[in-house]
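Beneath this line is the structure, given in structure tokens, with notes to follow.
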There are 2 protein chains.
Amino acid sequence: MTKTLIFGHKNPDTDTICSAIAYAALKKELGDEVEPVRLGEINGETNYALNQFNVPSPRFVQSVSNEVSEVILVDHNERQQSADDIDNVKVKEVIDHHRISNFETSDPLYYRAEPVGCTATILNKLYKEQGVTIQKDIAGLMLSAIISDSLLFKSPTCTEEDITAAHELARIAEVDPQSYGLEMLKAGTDLSSKTEDELISLDAKEFTMGAKKVVVAQVNTVDTEEVLIRKEQLESAIKNTVDEKSLDLFVFVITDILTSDSTILSLGDDAKAAETAFGVKLTNNTAVLKGVVSRKKQIVPQLTEALQG
Amino acid sequence: MTKTLIFGHKNPDTDTICSAIAYAALKKELGDEVEPVRLGEINGETNYALNQFNVPSPRFVQSVSNEVSEVILVDHNERQQSADDIDNVKVKEVIDHHRISNFETSDPLYYRAEPVGCTATILNKLYKEQGVTIQKDIAGLMLSAIISDSLLFKSPTCTEEDITAAHELARIAEVDPQSYGLEMLKAGTDLSSKTEDELISLDAKEFTMGAKKVVVAQVNTVDTEEVLIRKEQLESAIKNTVDEKSLDLFVFVITDILTSDSTILSLGDDAKAAETAFGVKLTNNTAVLKGVVSRKKQIVPQLTEALQG
């Protein structure tokens, strides 16, 4: 059996990195030859988690088909979020918690998606189904993934299953989820050292919505004003990206992890779609979305509907 | 909570019908309001299984969005194989063992696909994961589904998991898989009463392969000659379908369940794709494919590649 690479989406977040590592650990226990890899830079929050549990960062790869013929995807399925050469390899498995879109195979595969808040919550089940014990460091990373995706259980994407899994994992990892979680989230909000180009690409995901090409990028912060002070430069960076990638819409979402509100910057020919989608009025391209923290549940479906309507 | 309909593909086979019934039974045990339904006529083989275990046939429906807003798909995911108005309802779950194609959602969902020979094998796992005991009649139907999809364990799609599941289910159903299985398969091969139009649509599935529209229809028999004697009329029926549906290719597969070989009839502008796909020469539109019994594993991927190349 030849090696299989396991990876999450581009612009990796904590769930994508930690789930790749955790699923690779499970597969290794089952005797498979696998390696977790990553398609982009590790962010500050993920870095905090990896350091905390003393796990090395997965290897960065630019392409996958030069190394392997089979891959396993975690935390994504949409082709444009995956490796550039994803069409040249066989996708053997997918473990995910997102909508299914722009994904197609010619052969049957193992596809496990559940409408839970985090890929790691599904992995926690897979470990149990396979009867494999989760190691302490891996449990810590899986807990970190759940805290990240659920914004410490505050996101509407967070389910009972996520909370139960997080507490099981916290016991194995021997940390307190609340205090560890807040520290980890804060580690991800240090945006001062980032350029505007970095801010808008750090956690950017591209979507096909109807006939439109859309990017939704998100940053977490404990101080929205600190980000908005750079509004002019952010807009110019976003406009460049819209031109370069021929986007119809770019929505930049600044999420306050303490208040659980978001401020958006909406640019592109279809910028007004944000008004329809969220029932708000854009002022100087921005609007506040009260209680909105989840791109997946509170932003993407609404924008998709607005752009298809 | 409102009712959810559970159904398999058009031109239902034994796995599609029995898995809809079996998954509905599990969901009901878990307290959900569900009803198994079917999108087409019950075939002779499935009818034999339903009679044997005394289970009524699911209700036939022409459309689903007039009744419900949410559905669960079993044994298929491709839109063209599903209810005509599938785009007007929300697909809440999919339990399947086929490739993923022409399938898209705007929200996260529960998607459980495994590369096993039969949907019922996955359902057997789900019953265990939920800690629900399988009733005797339901076990009989699930066993029937595995026997049907695996041609009594002879198809290359059949995995160890299918065989293990079948034997577990046979014990609950209190039947001998071999003798019951052969009788059931034979009940599905009585083709004499069928018109040519019925023969080519009985188990027909439509696929999008590259830019091409393809139908692959399959019948099981214990006497290939008995089918081929009607070759001329079959060809004329197929040509009509090709015209009506603007197909690029129609492959009719006659599978001998005793020898495990198939004879194909390939028609349409892309008829020659069958020669590339299977490394054979068509003579009067036909060719024998030795050892080929599985549409999913031995026909569809090969045709897809030939048509994309």
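The count begins at 1 with the first shown residue.
Glycine too: its Cβ is placed from the backbone N, Cα and C atoms.
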Report the candidate from A:ASP149, A:ASP162, A:ASP176 that shares the Mn(2+) 2 site with A:ASP15, A:ASP75, A:HIS97, as recorded in TrEMBL.
A:ASP149
So for A:ASP13 (Mn(2+) 1 binding site), how many other CB atoms are inside 10 Å of its CB?
24
Among all the protein chains here, how many other CB atoms are within 10 A of the CB of A:HIS97 (Mn(2+) 2 binding site)?
28
Intermolecular Cβ proximity, binding-site residues A:ASP13, A:ASP15, A:ASP75, A:HIS97, A:ASP149 versus chain B, under 8 Å:
A:HIS97
Could you state the whole-number distance in Å separating the C-alpha atoms of A:ASP13 (Mn(2+) 1 binding site) and A:HIS97 (Mn(2+) 2 binding site)?
14
Given the Mn(2+) 2 site residues A:ASP15, A:ASP75, A:HIS97, A:ASP149, which other residues of that chain have a Cβ within 8 Å of the mean position of their Cβ atoms, reported in sequence order?
A:GLY8, A:ASP13, A:THR16, A:SER19, A:ASP96, A:HIS98, A:GLY117, A:CYS118, A:THR119, A:ALA120, A:ALA145
Which of A:ASP15, A:ASP75, A:ASP149 has the fewest nearby Cβ atoms, counting only those within 10 Å, among these binding-site residues?
A:ASP149
What does the structure give for the C-alpha distance between A:HIS9 (Mn(2+) 1 binding site) and A:HIS97 (Mn(2+) 2 binding site)? Integer Å is fine.
12
Test of understanding: give the count of other CB atoms lying within 10 angstroms of the CB of A:HIS9 (Mn(2+) 1 binding site).
26
Tell me the residue counts in helix, strand and coil for the domain 'DHHA2' (A:181-307), as DSSP assigns them.
51 helix, 36 strand, 40 coil
